[in-house]
Every structure is written in structure tokens, then in C-alpha cells.
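**Student:** Next up is a structure, given as C-alpha cells.
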């Protein structure tokens, strides 16, 4: 292509700028672009599609996204953040590895194609920084307290000063052929920054997001990030070495005016949009489009000022209030930006990182030394602040490493520094690699150093049978969606909340961790937001969590004898049961209530809500440190049922620990005014009642928990314990007209089904059953176990919710956590394909004496404990 004079028909100042841009530089090459080669007419005309910009760009994007996703899967077992995979994918596709193949470098990533790729990558970067600003809550600086503020200041000032000082000492080796002042400033910013988005994902992955350490780290990272953007703007202004000092001053003043305009003009406009949106409705598409267009306008403004365009997008996102508007914007663009566009930016960084350019070992060694010294200064500064606030030494080390999380912001700083020729290729490559290495170390070091102190003192009230029916009850109620809330509240209403027998409810909203930022911060926001702080405007909670919390708190205000604490947990469904179990043990909960994974449809059928909820329920049954109840809502949450003055509950009693636990809960329910209880006991034909000389349930001895019941199970079979508990229940409720007791004699599963079908189901609104009724292999239920669709409900619960059972009655399936006063060696259980059946064998066994372990009886071998070593919980 013939070269054309660049000054034809152009103003002199534009000509000068073009000449300045196109002149050969030490670190760049001159590339000519053809303006017409966009699309191809096809391979059948002998044309190569990769010689045209659009097909080549599409292929490059596909390769980058696929490579990134593959590395994410490879690094997932090592619990590495996604940013590591994205940076490594860029390095892998760049000249360091694949670029060494000549065909790959010429055909797939030629120099002429990088202009298009880099333009789209920076557009994606623009919107990602807008999302980062959206996720940040400006008010968090005010709410974070002095501890987080001092951690942020120490985490920035010390590494900044240490990095600049060390670099200045070795300036002749590490900053050759570049402007030294600008180099020191850019290096100081890159060394002192903490990547807020990456830190949030690491904390969520290692389950520290809702802990005190996680909240301090998140608050400090937000403050750190905001300070880093200020320093970056300052560094960009000063780095204009070819311009006069007055130009840098104008750049800074214009940047300050832009920030003030965003906060005092754009933010009120956004509040106006929120106020004019009717409650319960979303923001209109026109408003969303205009706001997203504003991202590009903000980028153009800051780019015209002389600061990088991403600064404008970040500030623009920062001024948009959190809440419905922010969530709507995130939902619209997050998946597209983070999944498709953002990997392009990391690929560009990787294409610029040429490890083969790293040739001088002295320079490399000194740069690594500078990085290590700065990281050490950040850790030491954090440890000093932690010591001043009497935090444990291990927490200080963990917090220091968390504050050393690197990621996108540092990549932006390094790329801008390279564009402005403040960093050369060698310094750029070394800084990218050591940043990846530092971020890779964060997760294993923090998980190894920080071990949250757990109270290992066991509590006796792990099931309802061990506590008095009229004493206080600690319950953990889990909800996934707003539809679960009414049924849980209806169950609480039936549980006799009163001043004499108060109920302490921990209402836990379970949110699936999908890697999206829109749900990443829900746990931190929920755990740090008190009722008073959320009563004002501008709550940072997601709308669904806010609605769930408000429903429980309204119930608490209008009901006596109930104390509710609202919490949220963000976790993958595969490990969500661990969070629930830890919370239940920390709060000394006696019962966990979880919703069934199906809900009732309009025609009376049952359809799944979320397939992962079923796996969560099964895992919780296996690992819970206390009793668990699964609530199947088939009308219990209806307004008519909740407003009724009388409630009819039926209990099917076959025997065994779970049925005794169900009776213990029903005992509490029958104390509620207006509740009637019908107990139906199923007996085999050869059953003969055994006389019991003394009740096994007696008040606790002096000095023990007066609210608990001492259980004497030594030498008793399951059948004898059933008789003991039933006799005690009947003797204490003698003359209570709200309780009816009847028996059914059944020989097999068919007769059991016929007996239940023959009952008048229109009278009852709730059935209570045990998950494992009767003895193991009992003929009354053995046949039903072979046809179970939902093993987590047990044979009777599964039958009651099946489509074959015509009555649409809500069901509460209870599983007891069996405890004993002293552990005894027991034979190992037989192998079974159902891990939930062995929940007592595997869950929460302690090596200390007096620990609570599952008991083993001759009559019911499937409740046996493991004969091996105990697993500390």
C-alpha cells in the first residue's frame, strides 16, 4: 500500500499529533490498516477469512473465551480466583508461549488485528469498571469504622513508600530510558493497590465474606481502591513529560470538577429516576439505555481531560445509588461484560507480556525485590494495626495477605504505564508475573494461617426430645426465595411462641454463589447491616433479601415471645450445608427447618423450584449438628389457613428416634391455643405393650441445664424408649381435650397406605412424620422404601406428598439428632448407598469425653456410630 502524505487537507495541530503518534518508537512498530477489509465474500472465491478484520476478531474472541474458561476449570480445585486464569490465558496466547509458533502469530494474532481487539477490550474494561463502581457503596467508608480505615491507610502508605524508596535506590538499574519520577509514581500505585473485585471473590470462595475478618478486608479494600484511583489520576497527569507543568495542573483541576459534577449533578438525577419508579416495578428500558450510554460519555470526558477513560466510568458507577437501579443495571450487562468482553483485556495484557524480553537478571531480581519489599511492608503495616486493635496475630497475617490481592486495577495501572512509555517491556512482564504469583499465594496462605476460633464446648440441646416442651426453643429457619417465607411463618405461629416458652429464630436467606458480583456481597451486607441501619434509606441489601428480612421482622414486631435475627449466607449449593451446620452449632440451635425442593402448583401438583435445593437438603441431613425438619408447603402458607382460629395437626407414629422427635415438636404445638393434635400410632399385629417400671424422662440434676431433660437409654431398645416417651406424653397431657390418640394395626406397607388413605384428610392442615419410621426393615414401611421418589422425606413423607395421594395437606418431616450421655464403642455400620441414612455416623463426632455421638441399639442397627476415629467438627 502506497504511503500517503499525512498533512493533506488536515489542520497543522492534527498533523503534528498524527506525526507524533505514527513516528517509530523503541517499543512499537508501524502498522498500516486497510479501511475496506471488514468482511469476506467467502472461502469459495479463494479468499482467506482471516485476512479480514471481522472474521478474525470473532475467531480471536472465541479462542480467548474458551481458553479462559478452560483455565478456570483447571484452577478451580486449587481455589484460585478467576482473574488468575484470565491473566494466564493472555500470557499463554501471547508471544511468550503460542506466539512462538510463527503460523499462530501471523494468522491468528497478527499485529494488524490488535487495534480492533484492543478497542473492544477497552470498551469491555470501561463497562466492567462501571460495574465495580456500582458494587461499591460510598457509605461503607463512613460505616467501616476506624479499624478498616487504618488498615486501608497502612496497606497503602507503607508499600507505596517502601516501593518508591527501594526503586529510587536502584533507579539506575530498574528505570533505565524512562522518566524516573513517573516510573516511581506508577510503580508505587501498582504496588500499593488492592483488587476489590478479586478480594470479594476470594473471601466468598473460602467462606470468610460474612466474618469479621472478611468485613474488615472488604471495607479496607474499598477505601484502598478509591485512593488508588486518585493516585492513578495524579500519576497520569504527572506522567505527561512532554507537556508543561501548567497542563498537568489543568488535568488535575478538570478531574476534580468532573468528580464534583458526578456527585452533585448525576447522583441527584439518579435518585430522581429511582423515586419516580413505582414500587415493585423495574426501571424502564429507556432509562437503562440512557444510563448505559452515560458510561461512554463519562469515559469520553475523562479521556478528553487527559485521564484514562476508565476513571470516568468508575466514578460514574460510584455515584449511582445501590438498590433496585444498581441491581437492574448489573443484571442487564454483567454476564456479557465479565464473560465475553473482560477476557479480551487480559488477553491484550498477555499479548503485551513477552517473557523472552526478560533478559537482564539484575533488573528482574531488583524488580522482584521491590515487589517483595512492598508486599512485606503491606503485611507488616496490617499486622501492626491488627495488634493495636488486639486482633490475634494469625488474623493480622491473614488480613495482610488478603490486602495483597492483585488483579484488574493493577493490570490497568501497568498497561497505562506501558502505553505512556513509563514502563518498558521488561518491567511490564516482570510486574505482571509477580502479581499473578502474589495473588496465587493469597488463598492457600489465608486458609492455612487463619483458623476461626470455634467453640468446641458441646451443647446438650441438639434435639427437641432433650428439652422441655415449654422451655425456650432455638430454631434456624432457612429460606431460598420469598415464597418460602409464609409457610415458615405459619409453622412458627403453630409452635407456641409465648413469653413462657420463647422461640429464638435465626432466619437465614440462602443465596447461591454464582460468581456474579450482584450476589457476591449479599452476605457481607446482610451480616453487617443492623435493623437500625436498614431502616433508613439506601439499603445495600439485594431486594429479595430485603423483602425476606422485612417479612420476618414484621412478624417479630406483631408477635409476642419471638425473637428473630436475620442473616444471609452466600455459598455454592455444593458446600452450602457446611455454612448452615456451622451457624447452627455456633448458635446452639435445636432444630433446623428447611423448605422442600418442590412447591405446589395451581392444579395441586408439585414442581421443582431449584434442582440444587434437593442436594442441599440431603447434605444437610447428613451433616447437621442438630435435628432437621423439611417443610412441604401444600396450603399451610395460604391466607385462609393463617387466619383460621383453629388448626388441626395429625402425627403418624411408627416408632424410632425420628418419630419421637416428631412427637416432641407436636407436644410443643399442642400448647398453642386453637391447635388440636391427633396422634395415630401404627402397630404390627404381634405387638404387645411392655410395662415400664419408671419413666425414662426426669428433671435434670442440680447444676445442669434446668431446661434440658436427662435421657436414660442404657439397656433399652427402641420399642421400650417409644413406650417410655408415649407414656410420659399421655400422663402429662391427661384430660387435654385438644389431643386425641388412636391406634391402627397394620401388617405390611399396603395396609399402612390403606389406613392412611382411609382417614378423613379434610380435617387436617399439617401432617408431622418422622423421616425413618419404626425399626429398620419393619414390614409396616419396608415396601414403601422401595418406591420412594424423595428419599430425604422417608417412606411416609414421600407417600404423603406424592401425586397418588389425593389430599393436599402440608407435611413436616422430622429427623432427630441422636445423642448419648457417654460414647461407647459400637460396630461399624453396613455399607449403604444412601449417605443420608448414616448422618449420625458421620456428623459432628468429637474425640473428647462426654462428646455427643449417635447411639447404637440392638433393635435398630442403622443408627450405629462409626467404630473408627472421630472427626472434629
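Using N, Cα and C of the backbone, Cβ positions are placed for all residues, glycine too.
Below are the features I grabbed from TrEMBL:
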TRANSMEM  54-75  transmembrane segment
DOMAIN    69-447  domain 'Cation/H+ exchanger transmembrane'
TRANSMEM  87-107  transmembrane segment
TRANSMEM  119-136  transmembrane segment
TRANSMEM  148-170  transmembrane segment
TRANSMEM  182-204  transmembrane segment
TRANSMEM  216-238  transmembrane segment
TRANSMEM  244-266  transmembrane segment
TRANSMEM  313-330  transmembrane segment
TRANSMEM  337-355  transmembrane segment
TRANSMEM  367-389  transmembrane segment
TRANSMEM  396-416  transmembrane segment
TRANSMEM  428-450  transmembrane segment
DOMAIN    503-641  domain 'Cation/H(+) antiporter central'
DOMAIN    649-818  domain 'Cation/H(+) antiporter C-terminal'
REGION    844-873  region 'Disordered'
**Student:** Is it the case that the transmembrane segment (396-416) and the transmembrane segment (216-238) have 3 or more CB pairs under 8 Å, with pairs at least 6 apart in sequence?
**Tutor:** yes
**Student:** With pairs 6 or more apart in sequence, are the transmembrane segment (148-170) and the transmembrane segment (182-204) linked by at least 3 Cβ pairs under 8 Å?
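**Tutor:** Between the transmembrane segment (148-170) and the transmembrane segment (182-204), contact is present.
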**Student:** Based on Cβ pairs under 8 Å, which of the stretches 119-136, 367-389, 428-450 lies most in contact with the transmembrane segment (337-355)?
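**Tutor:** Answer, by Cβ pair count: 119-136.
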**Student:** Short question: which residues 6 or more past the ends of the transmembrane segment (367-389) have a Cβ under 8 Å from it?
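**Tutor:** For the transmembrane segment (367-389), the nonlocal Cβ contacts are 147, 150-151, 154-155, 157-163, 166-167, 170, 174, 187, 191-192, 395-397, 399-401, 403-404, 427, 430-431, 434-435, 438.
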**Student:** Can you give me the average pLDDT across the domain 'Cation/H(+) antiporter C-terminal' (649-818), rounded to a whole number?
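**Tutor:** When the pLDDT values over the domain 'Cation/H(+) antiporter C-terminal' (649-818) are averaged, the result is 80.
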**Student:** Using Cβ atoms and a strict cutoff of less than 8 Å, what residues sit near the transmembrane segment (244-266) while being 6 or more residues removed from its termini?
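**Tutor:** Result: 233-234, 236-238, 294, 298, 301-302, 305-307, 311-312, 315-316, 318-319.
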**Student:** With Cβ-Cβ distances below 8 Å as the criterion, list the same-chain residues six or more beyond the ends of the transmembrane segment (119-136) that contact it, or say none.
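**Tutor:** Answer is 57, 61, 196-197, 200, 222, 225-226, 292, 295-296, 299, 309-310, 313-320, 322, 326, 329-330, 333-334, 337-338, 340-342, 344-345, 347-348, 408, 412, 517-518, 520-521.
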**Student:** For the transmembrane segment (182-204), name the stretch out of 54-75, 87-107, 428-450 with the most CB-CB pairs under 8 Å.
**Tutor:** 428-450
**Student:** Could you tell me what the rest of the chain brings near the transmembrane segment (87-107), counting residues at least six beyond its ends with Cβ under 8 Å?
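**Tutor:** Hits for the transmembrane segment (87-107): 50, 63-64, 67-68, 71, 343, 346-356, 411, 429, 432-433, 435-436.
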